[in-house]
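Inspection log for the structure reproduced underneath, given as structure tokens.
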Amino acid sequence: MLSVEVAKLKLENPLMIASGVCDMTPDLLRRAHEEGAGAAVTKSIGIKPKKGYDNPTIVELPYGLINAMGLPNPGWEAFYEEFINEKFDFPIIVSIFGGDEKEFAFLAEKLSDVADAFELNLSCPHAKGYGMEIGQNPDMVYRVVRVVKDVTDKPVIAKLTPNIDNITKLGLAAERAGADAVSAINTLKAIAIDIYAKKPILSNKVGGYSGQGIKPIALRAVYDLAKALDIDIIGIGGITTWQDAVEFLMAGAKALQIGTAVSLRGFEVFGEINEGITRFLIDEGYNDVREIIGIALE
Amino acid sequence: MLSVEVAKLKLENPLMIASGVCDMTPDLLRRAHEEGAGAAVTKSIGIKPKKGYDNPTIVELPYGLINAMGLPNPGWEAFYEEFINEKFDFPIIVSIFGGDEKEFAFLAEKLSDVADAFELNLSCPHAKGYGMEIGQNPDMVYRVVRVVKDVTDKPVIAKLTPNIDNITKLGLAAERAGADAVSAINTLKAIAIDIYAKKPILSNKVGGYSGQGIKPIALRAVYDLAKALDIDIIGIGGITTWQDAVEFLMAGAKALQIGTAVSLRGFEVFGEINEGITRFLIDEGYNDVREIIGIALE
Amino acid sequence: MKRVELVEVWEEASGIKAFRFNEMLNFKPGQFIMAWLPGIGEKPFSLADNDLIVVKNVGPFTSRLFELKEGDYLWIRGPYGRGFEPKGKHIALVAGGIGIPPLYALAKHYREDFEKITLIYGARSKDEFATLDVEKYVDEIVFTTDDGSLGIKGFPTDVLAERKDEFEQVYTCGPEIMMAKVLEIMDFKNVQVSAERYMKCGIGVCGSCALGKYLVCKDGPVFYGEELKETELGKFKRLPDGRITTF
Amino acid sequence: MKRVELVEVWEEASGIKAFRFNEMLNFKPGQFIMAWLPGIGEKPFSLADNDLIVVKNVGPFTSRLFELKEGDYLWIRGPYGRGFEPKGKHIALVAGGIGIPPLYALAKHYREDFEKITLIYGARSKDEFATLDVEKYVDEIVFTTDDGSLGIKGFPTDVLAERKDEFEQVYTCGPEIMMAKVLEIMDFKNVQVSAERYMKCGIGVCGSCALGKYLVCKDGPVFYGEELKETELGKFKRLPDGRITTF
């Protein structure tokens, strides 16, 4: 009833654990699957080992989180060595990031044996972009997707930023370049200040906002993308309850990533959301989750 | 202790009632002032009377609102006739919107006698912009501010949209064009779907997201603008408590607009926030609110 | 926004239907809900009871509402606003036309707070009275009709003018001209008025329902007579675009 | 994030200070807080009491913390994580070095749950014991030192190995090699371990503190021995970047 095919991957259910959330190790990815995730996205992997920013790296808000982890990751070699010896009975989507298209291509080539698909994390500052991120530039999105598609046969998912005037132009760029799917949205630019310290809380000062507070924005991005694109859309952004999940499916998402809610509600959140979707489908007279995907677009 | 000067206006305190919120009539603007607002921004006024969208025009979320009112307003003539006979003992900032720079200039010229300042609502779709809003294009922002400055001696505030890759480029465009201040942020693009109706809730389907959930994004916009601009910044976006207000001041806002919180907490919110700021200043050993403006930027 | 199922729908009077849904709302008489029909629109309605609205067919939205049958769905949010406050021992309810629902709710839910309730209820003619079972909750009913087809020929305010000294508090809902007349008769004292203005958001954001310095959706819809003294009630209202218009 | 004021700061042992703040946290022994010094950094600390952390000076953050005096501020969030569960009648607390604070908290707050508490506490030498007033809450203390300057020369695990049959539950916190040895001695049964891993967010987002399929910050820091059987505890840990490293 819940199985879907997204970006050419067959999933038992539409839920994935999002990149950067409790996905440092094979054991954690397996736990997400055991608890009900249909697929898992790894922490974002780059060229070199990176320890990330100093603490504080997170701010807890009543309706979400702001984080600036600084892309901590073991680098592609250590990641490859650890994952090449592991077997998974569910799709592993390897998130990769780079400073330009060559780095993305390099990583995709090196990691193709340990990935069932790639998700491109385009949130790195663009080397020539005056502080802009690669993912904020449709041409760069096109080029990165293009070169990655050239070096790997694995499905490619472009993760899109909401920090843009119109996310569909990023989605269309990814589609033109041959992406198998887009995932939306990455975090929103945010900050929190401690009024007694009189300083930004994060060591990086600014960070990315995730969680319930961004759900209406993420849902809009998915809705707009679903209207404009033919390729699959994976919804991300504040999905916390099964009702949120159903909203995203109705807005046109074929699969969903859960991140912040894992912290708020534990790994059990996957099972709870799957159960809720199933109950909803039965109560409303549907036989298959695919019947509701995009139903609110008409 | 709380008085500030912003965009050449002298305010008893840094709080304003935001445009579009309980500001349909002179009586409501006066009430906002009586309850503690230092200035009031009117509903956005256009060329012709406009009844706005059909209901539903609002969605209540646990952490904010999504609205698509459709800029209901009586048109400049009826507005002028009503306001020209009214006296106010606090600054009235008239919000105006148009489809191109000529309309903005026309409105500013016609309404200069009833305005202590203008706030430019740049959220209208740009006639030649393929669905883009005027305010998403730095060149259009520049042109609109420029022509308005040419026809009026009243201070001009450009209200900036967060639906952009980098809000500072909008702020810099406004500054170059001679704006006296920028206000940030306008609402974020959002949607809500009713899972039982299987449809977007708003009659306009999509809307603008305001309230507590957007505070971290708004604060970041103010912080980034304050780092980049010399002109005054007016903070807007989810300010609900006095702590929020202090955060915005520390991020560099010289004045603050309150919108959604008036609905949540009533007009009393102005008095409560002013009191809270005063108590904070005293407890932390400050004599004047201006001492904390921008203190978190260092 | 909550989906509710209609469990009872009946024609209560000519052009007036009652809709009972499967959700007992915790409300105060005088409060209203916003009712949404997806794809059609959303309108405010005073609650007649925890689970009941009584609606007059006046336009496209209500026409579609009138097509609904038991088992169909309605989407609601609320209750919103300030309700009536029970005051006085012998009170009058002055209802005009479709102003009856909140007064019915008041009689039913605050019955025990009063010693005597007199309902003065006017309509154009005899088939336009949506009385429900109001006789159970009031002590006296005086009907008035424009055409004399039931009760006294004339207006409820004629009756009130004559008997006003009997009542310690007057509660009124109906056409604005009638309510303005009630206020005049009572010199703005000891009156609670359920006012109406064009309403968009219903929750005190948009300001469309401005009435003097008040918002009907949040500060009202129920106001004390004194509060309305300085307002435009009975004089003018605003169009959806905010322009002033007279009655 | 909450600002608290330091109301008492004292040197408890060589290189170990205790910081008491003006906020009584509702906590479970074994839980930790994140302490932030603006401009410096943020680190996790086990609570020794509702308002107390006991800290060893090990790096730049703690050096700055050690400069703070009474009246200075500290910013905290938490308490976080899973604490100890009182089980057994005669229990042992096996503490190594700066592993003492959560075990002190356990003895103080769950005193009534146990019949007899034996503290086996090891450090390098006699001036490194941060005993606070633990003698009030335990029935027996066995000190061990690496250099023999106090109590038994050797390790706490030597004592445990000899006396393990006396204890119905063993609670341990200290160097990972010591805790692995405790698990080995007890065959992973009847042990509660307060584990440590490099921690960033502290609230189960980043996954930096992975230990087997667990997160130390949320599933721990306290684990039952059985849960740790399949994990890398005592074998390897991860660097801040996620690479595997041995002890």
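From the backbone N, Cα and C atoms, a Cβ is placed for every residue, glycine too.
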Check: Per TrEMBL, what member of A:Asn121, A:Asn274, A:Asn287 joins A:Lys43, A:Asn67, A:Ala68, A:Met69, A:Gly70, A:Leu71, A:Asn186, A:Thr187 in binding substrate at one site?
Finding: A:Asn121
Note to self: Quick check: of A:Ser3, A:Ser19, which does TrEMBL put in the same FMN site as A:Lys43, A:Ser44, A:Asn121, A:Lys159, A:Ile185, A:Gly211, A:Gly237, A:Gly238, A:Gly259, A:Thr260?
What the structure shows: A:Ser19
Checklist line | Which of A:Ala68, A:Cys124, all recorded positions, has a Cβ with the fewest other Cβ atoms inside 10 Å | finding: A:Cys124
Notebook entry, point to check: Among A:Lys43, A:Asn67, A:Ala68, A:Met69, A:Gly70, A:Leu71, A:Asn121, A:Asn186, A:Thr187, which the record lists as binding substrate, how far apart in Å are the two most distant Cα atoms?
Noted result: 16
Notebook entry, point to check: Roughly how many angstrom lie between the C-alpha atoms of A:Gly211 (FMN binding site) and A:Lys43 (substrate binding site)?
Noted result: 18
Check: With 8 Å as the upper Cβ-Cβ limit, not reached, which of the recorded positions A:Lys43, A:Ser44, A:Cys124, A:Thr187, A:Gly211, A:Gly238 neighbour chain D?
Finding: A:Lys43
Margin query: What's the number of neighbouring CB atoms sitting within 10 A of the CB on A:Ser44 (FMN binding site)?
Written below: 25
Check: Going by C-alpha positions, which of the binding-site residues (A:Ala68, A:Asn121, A:Thr187) is nearest A:Thr260 (FMN binding site)?
Finding: A:Thr187
Notebook entry, point to check: How far is it from A:Ser44 (FMN binding site) to A:Asn121 (substrate binding site), counting Cα to Cα, in Å?
Noted result: 7
Notebook entry, point to check: Do you know offhand how many angstrom separate A:Lys159 (FMN binding site) and A:Cys124 (active site, nucleophile) by C-alpha?
Noted result: 12
Notebook entry, point to check: Among the binding-site residues listed here, A:Gly70, A:Gly211, which has the most company in the form of other Cβ atoms within 10 Å of its Cβ?
Noted result: A:Gly211
Item checked: Neighbouring recorded positions, C-alpha within 10 angstroms of A:Lys43 (substrate binding site) - of A:Ser19, A:Cys124, A:Gly238 -> A:Ser19
